[in-house]
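As annotated by Swiss-Prot, disulfide bond applies to 41-87, 126-185, with the evidence given as sequence analysis. Positions annotated as domain 'Ig-like C2-type' by Swiss-Prot: 22-103. Feature annotation from Swiss-Prot assigns domain 'Ig-like V-type' to 105-203. Among the features that Swiss-Prot reports, phosphoserine is placed at 252. The topological domain 'Extracellular' annotation in Swiss-Prot covers 22-207, and the record cites similarity to another entry as its basis. Swiss-Prot lists 229-270 with the feature topological domain 'Cytoplasmic', giving similarity to another entry as the kind of evidence. Taken from Swiss-Prot, the feature transmembrane segment covers 208-228, and the record attributes it to sequence analysis.
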């Protein structure tokens, strides 16, 4: 008896789940032009009332409304229209569907120029903003004699790591002569290929010391100027002191002569 009741309960749950799934069925449509895409989702039936719609690109919400219709659209223009989208009918679990907009890969350098010191390590980074995802990454150094493909682990200094969305080139123990230049990252997907360029500049080990040496030189020049100025000023001060000391002696001599003259006149008068 218990087994029969369990079977009936399971059957009821399956029917309820099937009814719910049927109620949440969503049909999708993707229409595109040269630079635009129109995404459409239609909820066929719904046991519960729709309170709104939400559109996502990946995990980012790009549009949301509180309309109650069983139909929703999202229009996208520009180069960033490619990717994976989702439409959701609210409240949650009312209905949901996924739409994809395929396009050629668009490879971008996170930083178009990198600066590092000789002997240090540096990381060059490229990312892909496209769908389908990049399936193959290649790094090479741009040269007049021909592009040089960089293999992972080559010279024990070049290491490459990548995922579907980005690729990194790690260079260790930078060489001032051979490492500076332009590095290109190439990404290929089912829709095509694209590349971006990163310029690497390597500074000498002494480059960081130049500002400090400049400050030291300025201080030395200033000290030298002050020393010369003080040395030239001291003889003038000594001469001024000697002149000031001789003046009182000359004045006292005049007083002595005046006193002698008075005594002579007094004697003559007597």
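Cβ atoms here come from the backbone N, Cα and C positions, even for glycine.
Structural mapping of features recorded in Swiss-Prot.
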residue	record	DSSP (3 states)
41	disulfide bond	strand
87	disulfide bond	strand
126	disulfide bond	strand
185	disulfide bond	strand
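Tertiary proximity for the transmembrane segment (208-228) is limited to same-chain residues at least six positions away from its ends with a CB under 8 Å from its CB atoms, namely 117. Here the domain 'Ig-like C2-type' (22-103) returns a mean pLDDT of 91 for the predicted model.
Counting residues per DSSP class in helix, strand and coil order gives 3 helix, 57 strand, 39 coil for the domain 'Ig-like V-type' (105-203). Residue 126 (disulfide bond) is surrounded by 27 other CB atoms, counting those within 10 A of its CB over all protein chains shown. Non-local contacts of residue 41 (disulfide bond) by the CB criterion (under 8 A, 6+ apart in sequence, same chain) comprise 26, 27, 28, 53, 71, 72, 73, 87, 89, 95, 97, 99. The disulfide-bonded residues listed here are 87, 185; among them, 185 has the most other Cβ atoms within 10 Å of its own Cβ.
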